[in-house]
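Below you'll find the structure, written out as structure tokens, and then a few comments.
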Amino acid sequence: MKYFIIRSLINKSKNFYNTIIKYNKTKLFALELSIISPQEIQNSAEYKREDGSIVGKVEDSTFYDLEKVNNKNLFSQQIFGPLIDFTCACGKKLNRKNKEINVCTKCGIEFLPSSIRSKRKGYIKLNYAMLHPFYIDYCEKLLMKSKKSLHLLLNMDSFFYFPSYKNWVNFLSEKNHIYLFLLKKILIYNRYSYIYKYSTFFKNRSKFPNNKKMNKLFFYNALGFYGLNSRKTWTVLDFIKGYNFFLGNFSKYYKKLSWYAYQQKISLNKYKSNNISINNFIDNTFNFYKNEVNSLCFKVGGDGIEMFFLQDMAVYSIINKFLKLRVLKLNNLINVNNKYYGKINTIIQNSKNYQYYFKHFYLKKIAPVWMTLRRIPVLPPNLRPILDLSGKNYQKTASSGTLLFMRDIMHEGNLFISDINTFYREIIIHNKKAFNFFSSLPTLYYLNELNIEYVNSKLWLLKYYLMPIQKSITSLFDKNPETINNFSNKKFTDLILDNVKPTSILDSLKGKYGKIRFNLLGKRVDYSGRSVIISAPHLKIYECGIPYEMALTLYYPFLSEYFYKKNNNILKKNYNKSELVLYSKSLIFTKSLQSILLSHPIIINRAPTLHRLGIQSFLPKLTHSKAIELHPLVCPAFNADFDGDQMAIHVPITEIAKLEAIQLMASSLFVYAPASGLPLLIPTQDIILGFNFYTNDLLLKTSREDKSIKQAMNQGFINECHIPYWIKINTKDIFFKFLAYPLRNYIIPIELQLNIKGFSKIIRLNTFKVTNLVFDSLDLLIKKNYISNWLILNNTKFKYLLISFLQNKNLLTNKQVYLRTTLGNIYFNKYLNL
């Protein structure tokens, strides 16, 4: 039958095989995840409508009054689309005659289907940069700051500071990132000839020349930071004074001059050839600072990290420092004491990790500044819904003339609002508050000798206005308690209801019930079912038992076509599926299903599908159980057993799919594993145990009472093979045979029960040892260990001694001796004639 079915399908579909080959040769494109720039976030969320207006920016934090004109809130119909198909907030519908008018002139809503609200996104523009919580660990590497220092910075307890130039834009316009690849040629142009002579990396200034200016210059130049000195807190702002300020920041400008000279292939030796001393060079540079530098610009939180990354040379200064040390070590130009040699080796070894990050940033053309957020994408409204539990319409929760905020609505207990909406609202509110406050203080971020006291009096406001934005962004993307607690010890009492942690975007994606696994990877498809598997050894290897009710549901379209071709009125084209159950017990359905299943293979899959053997095809057989029946030999390929495992059934629809299922995926084809070549269709576990259990010789061939047991079994009075039964046995034959042939493949009976002089005596036996003998006359033999092990029965003297003892007690002919065994043991020994 199987051969006939395969040949008939192949003959009907001769040209399908070529189609399969062409399909397998199609190219597959990979999915790459990368950091997106703020401008790309804005471009993907903005939409240009037919009237020329651009929408997408969310500015209002309210959830109500969706019919308001020019509304830009989180559920705006102008941004995300109408609530009702092709209907605006005014109640107007799309004019089929005049299709050129697609936007309502009154409320500004496009005439689109409501499903667009599941696709359109928006964005929130932040006035101040914030660090993305996913990239905190990466920023530690790029900034060479400890985790504690970085969290102090994000918690607004420390800050960055930068020299503020009058011509700041022109000063930072050089393309300094090319120096990363030219640094290997540094010795050719003799670039750092005045700096490499000394140990400029350590704080021990005794090794430097006596010139104090040169000592400070080399020390600050060796810090490796451009525009950043770590751990500067609010209490040390008074250090900004005249010449000391210049010495503290000159090294950073000196690097700029050095890199610029290197790009132009100019050596610093030109100053020596022109009789210009290094001291005069420093004084001239200080005059430049005095004229060009007007104040110190400091930044906190994400603004400071953004400004650090925005500088051209800042991103590569750290790796340049490591490359410089490696070049010096290779050329034996570092003359330091032994106590510093190990430290330099450690730093050079760790530099490989930093180069790894910089390499990927450069190759993927990703700017490190994108790790800070300037635009926040807003999900489509249907993915973050508001559910009305009272049955009212949430669009009209605002009464006449009054505006209800989200907190007031939530206290009513009528609405269920997604936590993501709460975080969006908090971000918009605090972003507006911070912008309105700091716009009135334009000089707050610039320090000089005149406004230090003024800035000190306003610094606490930075933390008050900017910290809530960072907390809300962290909670929006990731609710990890460690990440949240690092920013502030204050709990989210205003965001957490009933002590339940809010759900972030990451939480909605990950896990078993996340968007990816629940809606994409584990998506239910049509013509599929799922049930528990049970063992069915009576089936063929290529057969599978499918429940009758499941087959009626899966093959309903094929049944409809089958009866339609035969002009049968039982099923019509638009027949209701629920009425099919009424006819499910009819014989005509059973015969029709059986004829359909002959030419329709099914595909069975067991999750997780780790290799191609996890999905195979079978020929279905109807069963009246509610479980899928499988042959035990095919389970090793699926890595399945019968302890509650479930499998899914898929019905191939097209002829190509049927042909592929039979030719490429049939279970009878997977006799050997494709990876190792080892056999797959082998008996394992319960099959081997069953063979061993049912094929042991129980010495019941001489029993006179086994005929009645077999007769009762054949007549149906006994049908349980594993329930213990007590049967009478011929003790003389059994004991004699057992004692005569102790080393054969016999097993000792489970239990022997004898009735001697009205007292019940029990002998419990094991395969190797006598565990308990209650014959008083044999105590002496037990103490002498004559019968502790059955191998001792090879001693003929002991065998005759035991037999003579039993004969004297008339036990070998006693009919009141019973054997405790099972029906399966009796039947299989008789059936196999062992």
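Each Cβ is built from the backbone N, Cα and C atoms, and glycine gets one as well.
Straight from Swiss-Prot, the features:
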{"type": "BINDING", "residues": "Cys88, Cys90, Cys104, Cys107", "note": "Zn(2+) binding site"}
{"type": "BINDING", "residues": "Asp641, Asp643, Asp645", "note": "Mg(2+) binding site"}
Cα proximity to Asp645 (Mg(2+) binding site), best match among binding-site residues Cys88, Cys90, Cys107: Cys88
Between Cys107 (Zn(2+) binding site) and Asp643 (Mg(2+) binding site), the C-alpha gap once rounded to whole angstrom: 62
Between Cys88 (Zn(2+) binding site) and Asp643 (Mg(2+) binding site): CA-CA distance (Å): 57
Distance, Asp641 (Mg(2+) binding site) to Cys90 (Zn(2+) binding site) (CA atoms, angstrom): 62
Between Asp641 (Mg(2+) binding site) and Cys88 (Zn(2+) binding site): CA-CA distance (Å): 57
Shell list (Zn(2+); ref centroid = CB of Cys88, Cys90, Cys104, Cys107; cutoff 8 A): Ala89, Gly91, Lys92, Thr105, Lys106, Gly108, Ile109
Cα-Cα distance linking Asp641 (Mg(2+) binding site) and Cys104 (Zn(2+) binding site), given in Å to the nearest integer: 62
Lowest local Cβ density (other Cβ within 10 Å) among binding-site residues: Asp641, Asp643, Asp645: Asp643
Extra residues within 8 Å (Cβ to Cβ centroid of Asp641, Asp643, Asp645), Mg(2+): Ile533, Ala640, Phe642, Gly644
Cys104 (Zn(2+) binding site) CB neighbourhood, other CB atoms within 10 A: 22
Least surrounded among the binding-site residues, given as Cys88, Cys90, Cys107, when other CB atoms within 10 Å are counted: Cys90
